[in-house]
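Per TrEMBL, the feature domain 'Major facilitator superfamily (MFS) profile' maps to 43-487. Under the heading transmembrane segment, TrEMBL lists 38-61, 91-115, 122-145, 151-172, 184-208, 214-235, 342-360, 367-389, 395-421, 433-453, 459-479.
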């Protein structure tokens, strides 16, 4: 961590303007976003190499599950000489699926320490290594007749995915100029959503989802890893990490010059002055214990964790889990229902592509409240029409419309905003811990949904969607009363607005 005392040469080279003047200069409405070639390369490579791979590992496992269960049972019989019961096979498959979520939670928890110790760029490289190890285990598990390799591979790619969601939004936020931070923050959400769709496509029976090729489906994301990690030697380290965490001002300026270009001296000087002001400010918490004990960080940490956890508890995964049976009730065949489910995933991806434009032009508070309110209405309506779906013939079509409406409005706020809101609420020192805690909340709630939803569905029937609707209402209220507007604001300007906990006045 950089100390409060700075060399005289640095103070002369980067004179500190008044903070209000600095922020107003950086948030000039006439300032055009600067998309340098290196920044664009980093944004695309990290999105396709990290976020898309994460989504791919989420979406690829569903379609070939029956074939993989048969293989697991036969392999265990050939190896150990015993057949699993139906319940035992279901338990084994639950382990194969859920160990990915356990790895994601552990990877998220380790993201804070890794980001501050090794750097943001190094975390991206670590993710690539873990994804590669997982792909090797997937590819050879069938030839080696090893269910253990499959389980370990799922755990390893879970670790990589947790590290991706904890560190990549922070990396993109810190290498981008203020005018583009919201836009680049959405890239991770779009990448994960796109990866799920690509995984669903690759695991179809017409592609790799067959008895002989399912291990190819699990491994196919390696094409993205190879392409996106080849130019990684060109990627810059986060200037804020170098300046504020490591205290290396010269290296931070070099990376800024590479990112912004040699002719952007004014912008570089502004960003260096901003980092100087943050480094000279009162030393902030940077460890887990320090962040949890600091009352100034309590409210923003609650917002980040609630947004991440609420994103999962809003029912998006349950909707995709249940949509095939809903489409079948509407009269579609099983195959057609699977294709319709893929269409729902494509709708999810298509709307998510609006994210960069929405984040650049609309306030976060408005988008989040709008998304939460409409998703709550659609979820309540889904519960209502499902309850009466056998009595009213048109309710099957109405339920499909509600599912599509929920997916559409989910991507306006609930989908993208949780991924990057931590980078806009927290300054550099506690940011890695906040992002890790938020990512941990997301993976934990995802695990809870995966374990509990089938049980609750059997117990509550259609009313299983009511808790999801209530979650959206609670997120709406949290946003309305406690989330400050972060668009066009530096975190150093936002942080004081939420420093008094639930007594903060954020409007």
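Glycine is no exception: its Cβ is also placed from the backbone N, Cα and C atoms.
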Lying 6 or more residues past either end of the transmembrane segment (122-145) yet within Cβ distance under 8 Å of it, the residues of that chain are 46, 49-50, 53, 57, 71, 75, 78-79, 111, 114-115, 152-154, 156-157, 159-160, 163-164, 167-168, 171, 214-216, 218-219, 221-222, 225, 228-229, 232, 235
Same chain, outside the transmembrane segment (91-115) by at least 6, Cβ under 8 Å from its Cβ: which residues?
57-58, 61, 65, 68-69, 72, 76, 84, 122-123, 126, 147, 150-151, 154-167, 170, 241, 288, 432-433, 435-437, 439-440, 442-444, 446-447, 450-451
Can we call the transmembrane segment (342-360) and the transmembrane segment (459-479) in contact, meaning three or more C-beta pairs below 8 angstroms at a sequence separation of 6+?
no
Can at least 3 Cβ pairs under 8 A be found between the transmembrane segment (214-235) and the transmembrane segment (433-453), with each pair 6 or more apart in sequence?
no
Given the cut-off of 8 Å on Cβ pairs that are 6 or more apart in sequence, determine whether the transmembrane segment (184-208) and the transmembrane segment (433-453) share at least 3 such pairs.
no
Take the C-beta pairs under 8 A between the transmembrane segment (367-389) and each of 38-61, 151-172, 459-479. Which stretch has the highest count?
459-479
Outside the transmembrane segment (395-421), six or more residues from its ends: residues with CB under 8 Å to it
165, 169, 172-173, 181-182, 185-186, 188-190, 193, 303-304, 307-308, 310-311, 314-316, 319, 323, 326-327, 329-331, 340, 344, 347-348, 351-352, 354-355, 358-359, 364, 367-372, 374-375, 378-379, 381-382, 385-386, 388-389, 438, 442, 472, 475, 483, 486
Whole-number mean pLDDT, the domain 'Major facilitator superfamily (MFS) profile' (43-487), equals 89
Contacting positions for the transmembrane segment (151-172) when only residues 6+ beyond its ends and CB under 8 Å are counted:
42-43, 46, 50-51, 53-54, 57-58, 61, 95-97, 99-112, 114-115, 120-121, 123-124, 126-128, 130-131, 133-138, 141, 184-185, 187-188, 192, 218, 238, 419-420, 422-423, 431-432, 435-436, 438-440, 442-443
